[in-house]
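To start, the structure under review is shown below, and the notes come after it.
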Amino acid sequence: MLGFLKEPVVVTVEINMNVMVLTLMGLISRLWGLSYPRAVVFDEVYYGQFVSLYMKRIFFVDDSGPPFGHMLLALGGYLGGFDGNFLWNRIGAEYSMNVPVWSLRLLPALAGALCVPLAYQILVELQFSHCAALGAALLILLENSLITQSRFMLLESILIFFILLAVLSYLKFYNLQKHSSFSGSWWFWLLLTGVACSCAVGVKYMGLFTYILLLTIAGLHFWHVIGDQNLSNVSLMYHFLARGLALIIIPVAMYVSFFYVHLTLLYRSGPHDQIMTSAFQASLEGGLARITQGQPLEVAYGSQVTLRNVLGKPMQCWLHSHTNTYPIRYENGRGSSHQQQVTCYPFKDVNNWWIVKDPGMQQLVVSNPPRPVRHGHIVQLVHGITTRYLNTHDVAAPLSPHSQEVSCYIDYNISMPAQNLWRVEIVNRETDTDVWKTILSEVRFVHVNTSAVLKAIFFHFQLSGASLPEWGYRQLEVVGEKLSKGYHQSMVWNVEEHRYGKSLEQKEREVELHSPTQMDISKNLSFMAKFTELQWKILTLKNEDTEHKYSSSALDWITMDTNIAYWLHPTSSAQIHLLGNVVTWASANVAALVYMCLTLWYLIRRRRKIYDIPEDAWQLWVSAGGICVGGWAVNYLPFFGMEKTLFLYHYLPALTFQILLIPIVLQHISDHLCRSVLLKSMFTALIVAWFSSVYFAYCTFSPVTYGEPSLSVTELKDLRWKDSWNILIRKQ
């Protein structure tokens, strides 16, 4: 029974020394002097704010992408004991002692370091020689721009790491497909492909480009699997389901889980939650939640409410009125009703309160028991302070003459009767008998007489903004929109603050409008509702892009006609720039051009039944191009259609794929185009000379990659290899 103890237990471990040495070299190049400079470097001023908010559990929205990358940066701060107390307001600001600089920069640096062995393994899995794979890894190792980007609290190195991990995992899975389908290793690499793709998309939406590329390649490979006559229909179904699970379902589930963790961590109200709906704001601790906690849930006749416009951009605003009236005549000569102004006011104010009145009754208090307002009910909205009724009629609005003016009705005893009946339409109702609910219900107010819809105007195409003139205190215009097809958010309102009115006298009612609510009804929002809203905000909320000193166009990137000054020492000439290895960038462009020309030549020749290279070499050439050229194209070409401020670092994922192509092209030329021993020897010598120039360029630009040593004015001028580069030189 215990016979197995007679023999020693032996564990055999294979260690790839190439991978180990490359990993070590990558770690040294990225981690050396990581805390220098101990100052805010370029976009650290941007990402650092989010790290501080994570540390303080304060909710924020970043329209640049999903939260996973931000959470990884925050993890570095958490591991370093960062308390979030630092004012991220200026590039170059010295970090205080409570900021763990090394820890905050650690994860991007580790990701950048691991890209070196990943490049090596990708070429090995593509069936190229270890010499070519080693060349790819060394090119990544000596690429100045990748080093710079990975040594600071930035996201590009993390994005590139997950992109390369996804590519490597898929290649390993594909190679195992040929002889060990559904083995443990096969499942591991397939699942890791999906996980890495999800992480890449979760860091930045740029990761979606590589994800789509891998899905396309996987689809093409599966098409070949379908043609395998040795596989039964059941086996094909298993293959299809396995790929669907690993490459679609799991990545989507992981992507949603990033938001779950994000929203779980950030449970406190902050400056960014004002762009979210009232329901979302009320789910956060503090802020609106402190005001709305304990409010009645169901709106009833007699309820006192504030009505917030759902659109909320470029600013949040509430339906508002005050004692001032519209001018008898506007500046353009058009006349008005001279009724009491109704606006949308971007601040909380007692004049934002309205009373929901039953048209058939005179009372302005809630009955006992309360009579809830339902979808389709007719109401009157009474301004709480002035007790005038919300009204609209066939009079042109002040700034929107094609829409109706909205006012609070004043009886001037002229032939303009009140038209103050409004039908409540709950946009997000589940049934036609739904009750109008505080915060949760999104409603339209449809004017009974004219069918116009109450709408806030946030922007005029004819004007620079939507604010009323001085007579309207620069508040936003509210109109009755006669063309009311669809449910545009500017026509939709929700009750934010709510109380059941109890005071019969106006003086007592005004006091009541200033008092807090006391009833206790919870209004929790589900995770999926919060996720959907936050995801929509990220996709649609765009900050106004402005021209940046170091912004560039996608055409500038290929030839590196631009650079970015990341940091300048306050007293010396020490500085850090995002500048690539000039030799590597030029070689990558040449390699891409040679690949496309050779591929076109081979295709033409193959069409003529002339086969210059063996079939297995052709398949290897095509598959490598699908990964490298395809990866470059999908990560570069989309930027030509983007309307956003672009920077050189946006090109780095595409550049990484292009660098991987260089040793592929070199090996192909050596193996198939250099026919004689002499040619091979000469080509090898040329490669050695070329690689020496790569190392020379790396060493030349290292002072502005690492920020030290400080260079003299003459040395800095010598680094300006292109007139378009902005190397900073202090005036003497």
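Placement of Cβ uses the backbone N, Cα and C atoms for every residue, glycine included.
Per TrEMBL, these features apply:
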- 296-359: domain 'MIR' (DOMAIN)
- 370-427: domain 'MIR' (DOMAIN)
- 15-33: transmembrane segment (TRANSMEM)
- 67-88: transmembrane segment (TRANSMEM)
- 100-120: transmembrane segment (TRANSMEM)
- 154-174: transmembrane segment (TRANSMEM)
- 186-203: transmembrane segment (TRANSMEM)
- 208-226: transmembrane segment (TRANSMEM)
- 246-267: transmembrane segment (TRANSMEM)
- 582-604: transmembrane segment (TRANSMEM)
- 616-634: transmembrane segment (TRANSMEM)
- 646-666: transmembrane segment (TRANSMEM)
- 678-698: transmembrane segment (TRANSMEM)
Touch test for the transmembrane segment (100-120) and the transmembrane segment (678-698), at least 3 Cβ pairs under 8 Å: no
Is it true that the transmembrane segment (67-88) and the transmembrane segment (678-698) have 3 or more Cβ pairs under 8 Å, skipping pairs fewer than 6 apart in sequence? no
Here the stretch out of 15-33, 186-203, 208-226, 616-634, 678-698 with the most C-beta pairs under 8 Å to the transmembrane segment (246-267) is 186-203
Taking pairs 6 or more apart in sequence, does the count of Cβ pairs under 8 Å between the transmembrane segment (582-604) and the transmembrane segment (208-226) hit 3 or more? no
Who are the chain neighbours of the transmembrane segment (208-226) in space, where the CB to CB distance is under 8 Å and they lie at least 6 residues beyond its ends? 163, 166-167, 170, 174, 177, 193, 197, 200-201, 236, 239-240, 243, 247-248, 251, 626-627, 630-631, 634-635, 638, 653
With DSSP, how much of the domain 'MIR' (296-359) is helix, how much strand and how much coil, in residues? 3 helix, 30 strand, 31 coil
